[in-house]
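Chemist: I grabbed these lines from TrEMBL:
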type	residues	note
REGION	1-80	region 'Disordered'
COMPBIAS	1-13	compositional bias 'Polar residues'
COMPBIAS	43-77	compositional bias 'Low complexity'
TRANSMEM	97-116	transmembrane segment
TRANSMEM	122-144	transmembrane segment
TRANSMEM	156-175	transmembrane segment
TRANSMEM	195-219	transmembrane segment
TRANSMEM	239-258	transmembrane segment
TRANSMEM	264-289	transmembrane segment
Amino acid sequence: MTSADPASGQGSASPAGPADTSETTRHHDAAPGPPGERGNPGSTGSRAAAGTTATATATDRPAPAGSPAGAPVAGTGSEARRPSAGEALFASSQGRFYAILMALLVAFFLVSNISATKVISFGPIVTDGGAFLFPLAYIAGGVISEIYGFAAARKAILVGFGVQIVAALTFYAVMIAPPGPGYEHQAAFEAVLGFYPRILLASVAGFLVGQLLNSFIIVRIKRRFGERHLWARLSGSTVAGQFLDTLIFCTVAFAGIIPGADFISYVLFGFVYKCAVEFLLLPVTYAVVNTLKRHEPTYRQHG
């Protein structure tokens, strides 16, 4: 062994003995340095504990405000927690397909309202021209609610409401404008696209109440059961939303205009027909929803 000379730093020979024991004792009695510092006997364990703590902190970091429950936190990589089947996931309204679905919802609503100016009958069955396309507006609204959530669906519904108001005011301005020389279809234009305050009020009131209720039910059930029971969300929302929509529209637009028996037939057939169309199209709706969940990048990212 060599012993240290504090003055010169040179070593001199000395026999092995108690000096070895005291040297060992001095090393072990020294105050421990910070975790991970060289010479600290617990540094290896401390580094491992620190690594474990860092991993746990990154994994357990709370999601940003507004993120769906159970959504992995950006930046945690493969350590991010995956959602369970009971957690509700929603994509961002900035996602790839949201604008397309909103455009479809608005188009279905606008065209249905124009078509609804004509009352049609099939034997004892009385309805309006909007029955052909209007159920698809509810399907589009349901898909938006399922994929993007209530706030995104409400935004699309309000956009549809605004577009309908703009269309009605535009049709009215064109209708009252003087016809040009040789234009012989003023009466036909007024019959189809004329501004009917009662019809417009009935349409937008029924649409707002029915669609918002439809979206609320879908999101409420999804938050309760997560990704399970899609059929319950779509079916329950359809019955509630379509019933209020049909009742409000028919009452405001045609109460006192269509005779009593025909009015009841009008309301019942409109409700049953719209629900039946949506139920028959449930397999298609399922396919659309599942396809969007697989291909909507923000839904996959959150999920």
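Every residue, even glycine, has its Cβ placed from backbone N, Cα and C.
Give me the lay of the land around each of these features.
Modeler: Counting same-chain residues at least six beyond the ends of the transmembrane segment (97-116), those with a Cβ under 8 angstroms from any Cβ of the stretch are 91, 128-130, 132-134, 136-137, 140-141, 143-144, 147-148, 152, 155-157, 159-160, 163-164, 167, 192-193, 199-200, 203, 207, 292, 295-296.
If you look at the transmembrane segment (156-175), the same-chain residues 6 or more away from its ends with a CB under 8 A from one of its CBs are 101-102, 105-106, 109-110, 113, 137, 141, 144, 189-190, 193-195, 200, 203-204, 207-208, 211-212, 215.
Residues 88, 109, 113, 116-117, 137-138, 141-142, 144-146, 149-150, 153-154, 157, 160-161, 164-165, 168-169, 171-172, 175, 233-234, 236-238, 240-242, 244-254 of the same chain sit 6 or more residues outside the transmembrane segment (195-219) yet have a Cβ under 8 Å from a Cβ within it.
Sequence-distant contacts of the transmembrane segment (264-289) (same chain, six or more residues past either end, CB-CB distance under 8 Å): 124-128, 131, 134-135, 138-139, 142-143, 146-147, 230-231, 234-235, 238-239, 242-243, 246-247, 249-251, 254, 258.
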